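A short worksheet on the structure shown next.
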Amino acid sequence: MTASLLSGKPLAKLIQQQAQTEAKVLAEEGTCPTLAVVVATEDSSTHWYVRSIERAAEAAGINCRIIDVGHDATEQVLIAVLKDLSAELSVNGIILQTPLPPGVRTQELVKYIAPEKDIDGANPLSLGLLAVGERAFAPATARAVVEILDHFEIPVAGRNVVVVGRSTVVGKPLSLLLLQKDATTTVCHSKSGALGTYTKTADVVVVAAGRTGLLTGADVSEHSVVIDVGTNVLSDGSLTGDVDEASVRPVAAALTPVPGGVGSVTTALLLLHTAEAAREQSRATSAPVLTR
């Protein structure tokens, strides 16, 4: 048995088309959806990723502004930039791209992203709204996992789903989204002990821990659907996930590839969220700007 590959590219294309359609309608109404991406690093892989967002946005008819504040930017500088973007009417969506300079606190900075422009669900207020089932943008990667499961008609209601990783970017918000879909959700982390104890009996395993080869074939069963969220850059520049594909694919029922899986859907959702944010803001029904 060899696991079916769940490519994210066809789904990403569909979502990009949705974003493009909405952007076109907005443009006809006099609104050009605009995404601002704040960068504060010299990391080449980060700049490559940001450029890929810029290209995808251009193709969808969404304006993308890259604000590079430099790798030595202070927390105060970044706060000022985020405040300005949150107040700027022409900006509809804001992303604070990591990594950030040493000593800069990500969780402090994201509080200054206006919730109605928080298209990657970074502000803790967005996570809080998500927790109580209120309308808010979920982190794009977390939503991408759910969209993939829906696209391939993989049911989660009443099923055992294990999420490996508890970050505020993927693990925590994803567990909330899965609970909303009535999944029986378990979140594993560095203190959980032997991973296979939890994953081997799971119907769906989502791995988002940032560790190459964390999940192996010994940790899954023949009915497991494995979603690999990991994006790890190897010394040769190639990209790999958190799953040891060589050992997992002969065992599991289905597996998302890296690259070409969750990542492509994530980028498409950032564009769709931007278009949706622009629509909400054009109706003047968005939440008030968070101030401090």
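Every residue gets a Cβ built from N, Cα and C, even glycine.
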The NADP(+) site in Swiss-Prot includes Gly165, Arg166, Ser167, Thr231. Which of Ser90, Ser126, Ser190, Ser282 is also listed there? Ser190
The largest Cα to Cα distance in Å among the residues Gly165, Arg166, Ser167, Ser190, Thr231, listed in the record as binding NADP(+), is 18
By a simple count, how many Cβ atoms lie within 10 Å of the Cβ of Arg166 (NADP(+) binding site), its own Cβ left out? 18
